[in-house]
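Quick look at what TrEMBL annotates:
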type   : residues : note
DOMAIN : 1-89     : domain 'STAS'
Amino acid sequence: MYAVGESISVFNCIEVQEELLQYVGDNEKCQIDAARLTDLDTAGLQLLISLKKHCDSNNLSFEIINMQEPILTLLNKLSLETILIKENI
């Protein structure tokens, strides 16, 4: 599991991308713990969508867990929850 920090934004997006790609390369699935994530801008959203597409094209599972309510609200407003959030069944 990869635990993201408080922010994925234009200011740290390249660093987070490198860490995530390293993590995905070393694992058979991509599980992101977003418990501490409170700041997500469009660069961060683009990174997560790109990572999801990368996982899909490489037949890797992708899951974001422990997402904070403000981030969930943002994803809902942008209609991205169905792309990035795996529904608990």
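Going from the start of the chain as shown, residues are counted 1 onward.
Every residue gets a Cβ built from N, Cα and C, even glycine.
Across the domain 'STAS' (1-89), DSSP assigns 42 helix, 16 strand, 31 coil.
Mean model confidence for the domain 'STAS' (1-89) is a pLDDT of 92.
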